[in-house]
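Enquirer: First, the structure itself, so that you have it in front of you.
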Amino acid sequence: MSDKIQVAIKVRPLVTREKDVGEFWRVDGNALYPLNIDKQPSGEIFAYDHVFANNSTNMEVFEKVVKPLVNRAVKGFNATIFAYGQTSSGKTHTMLGDQNEAGITQLAVSSMFDFMKRLNLKDETGKVID
């Protein structure tokens with residue numbers, strides 16, 4: 001089986017100071033493109049495996065991107081998920097969540113424990129690297 005790295009983009013919601021200016025990016029399916037000051041597409045269109053708009057939830061990201069990897073991992077395949085981006089781009093919120101929304105890490109671990117419970121597994125080990 002041939003595997004490839006998948007790239008998923010989650011556009012974070014605008015912060016208060018950005019709302020006056022408006023959207024900088026437009027999501028169109030799995031494409032993301034920059035907008036100019038007149039809100040018209042400008043520049044190159046970027047295509048990814050998954051693009052989530054700024055109103056997407058961590059659960060949506062989990063269901064579409066992470067859950068299939070968790071399902072493979074519990075069957076013995078390697079899987080890695082990491083967040084990359086500039087400061088304040090939403091990495092921590094996506095990975096760890098907050099009091100209102102679970103992050104994809106919590107959702108993945110819960111999913112693994114659910115799998116083990118269904119199979120009545122008690123002696124499995126795993127590793128989470130922070």
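Numbering starts at 1 and runs along the chain as it is shown here.
Glycine is treated like the rest: Cβ placed from N, Cα and C.
Sharing the record's features from TrEMBL:
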- 4-130: domain 'Kinesin motor' (DOMAIN)
- G85, Q86, T87, S88, S89, G90, K91, T92: ATP binding site (BINDING)
Enquirer: Q86, S88, S89: which of these binding-site residues has the sparsest Cβ neighbourhood within 10 Å?
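Expert: Counting other Cβ atoms within 10 Å of each of the binding-site residues Q86, S88, S89 gives the minimum at Q86.
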Enquirer: Could you list the residues of the same chain, at least six apart in sequence, whose Cβ is under 8 A from the Cβ of K91 (ATP binding site)?
Expert: A83, Y84, G85
Enquirer: Please list, in sequence order, the residues in the chain of G90 (ATP binding site) that are at least six apart in sequence and whose C-beta is under 8 Å away from its C-beta.
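Expert: Spatial neighbours, sequence-distant, of G90 (ATP binding site): K10, R12.
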Enquirer: Out of T87, T92, which of these binding-site residues shows the lowest number of other CB atoms within 10 Å of its CB?
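Expert: So among T87, T92, the binding-site residues given, the one with the fewest Cβ atoms within 10 Å is T87.
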